[in-house]
Amino acid sequence: MQGEKQRAQLCLSLPPPIVNKKKKKKEEKEEDDDAEKEEQKKEEKEKEEEEQEKCSFGGGLHVSRSGLLVLASSGPSELCVPLCKQRAPSIALLFCQRGCEEASDLNEHSILENLKLRYGRGLIYTYTGSILVAVNPYKMFNIYGLDMVKRYEGRPLGELPPHLFAIGSVSYSKMIKENENQVLIISGESGAGKTESTKLVMQYLAAVNRSGNNLITEQILEANPLLESFGNAKTIRNDNSSRFGKYIEVFFKNGGIVGAKTAEYLLEKSRIVTQAPEERNYHVFYEMLEELSDEQKAKYGLQTAPKYFYLNQGGSALIRGRDDADNYRKMTAAMDILNFERDEQETIVKILASVLHIGNMYFKVVQENNHDRAELGSDAEIKWVAHLLDLSEDWLKQALTSKVTEARGDRFYTPYNLDQALDARDAVAKALYCRMFSWLVERINLIICRAEREKSTSLAVLDIFGFEDFHHNSFEQLCINYANETLQYFFNQHIFRLEQKEYSKEKIRWEHIEFKDNQPTIDLATDNSFLEKCHFHHSGNELYDKPRMSDPEFYVVHYAGKIKYN
């Protein structure tokens, strides 16, 4: 101890070392230069990475027979984007010299390679001009927190790497600065992640909201899981597929949210009564049956999902990783936040139970006057439906087994055969569910759509289900695909036609871009084309008549008289 003390004292008593000041300054300067070079290299590297992130594409994908670029993950996620084999000025702006072909050599191969490289680096977003291409990775990335909201808020498009929040930010800023309504169109094939993207956009708008009205913001966000339960279902390609289109319009005043309104389109009615193998009915049925207690089930005459014809056609009722009981609790919590009364919630459960009971009704064939007629095989299910809906059991039986014709104040009942009775049963179930769904949307709008919207601007999100091609494609698929065809036309107009017009207007030299114009496809199903076909096929029929003038109308001679349709 004493020796250590002496050594310390000795060190303190030694004179300071002799320093060559010139040499020291030189060494310090060299160190500063080295540090500056390192910092410069670091900045250049970061800038290079950011430029690559901004400019290159990424994705697992292929080109479809129709010439569409189909972006896909390893799962069934796809999004179609039209390609042209010639140079595309609006797309060339996205490309840099590193990691991609020269912009002058832009073609399908170079686009695909860059998309593949980009997706391989975990970059799921890519710009195409002002359009954002999103590839569904089927996992959640940690890029949607409040820090990312703040990073993208108010920043111009292209200044930061591609992100969904960047599109939301630009739309929000434009709405505020120019006082103009904005619309975000989210399209793509089933499983592309449209529903999740819609929710993320809504969350972004809620985060940048300046109103301070947290209740209305919370109510708008809670409408999403509620409508998901009633409007989403498992399909072969997507465990949470939206089976209806929705247009969500969020109203702002002085930058703050003052309300919102949802419009619903084309709810898939056939799913209520039939499902393909490995698919499910709407989530809410399974959620309800998983969460209700035995006592509550007894109250509504309910059993487990496999016991119901409307729920067991697709096979297994379970979805791996999905907690139906927990989702039902979230749904009822959302109803509470949206001020649904207890009796309203009770009525919803009664309607859902009634739909299931209707599906379990069966009929037997009875011979009457040499004709087959259908009658109920059992009264058990119809008793439950009459009880739950507070209807006359006899009236309900008659509605399901016969049709009514009125003439001169008298009613005539014609019995149904077996197929007609089954169709009537399914029609009642579909009508019940669809009217409940429409009422649900209206009820939500009643709460979140405030009077202030009359003096406000809006930012809307269109989320419509993607192009569909099943083993059995019905009228519903025709309507869905027609809507998507129209959206594709809108895309073509803005990316190609309007861009080319702008170049011509500004006298910019450019090469003509060939693209697949889908206007002829849309023209197959217009009012005029339908009218022309009616005139062509039925002009000689005495039960059909067309106007003398070229008015868009026609006449049909019904048993009750001649009716004009326009």
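Note: Cβ is positioned from N, Cα and C throughout, glycine not excepted.
Here TrEMBL flags 1-59 as region 'Disordered'.
A mean pLDDT of 88 is what the model gives for the domain 'Myosin motor' (95-566). According to TrEMBL, the domain 'Myosin motor' annotation covers 95-566.
Annotation source TrEMBL lists ATP binding site at G188, E189, S190, G191, A192, G193, K194, T195. Neighbour density for G193 (ATP binding site): within 10 A of its CB lie 22 other CB atoms from the protein chains shown.
In three-state terms derived from DSSP, T195 (ATP binding site) belongs to a helical segment.
When other Cβ atoms within 10 Å of the Cβ of K194 (ATP binding site) are tallied across all protein chains shown, the result is 25.
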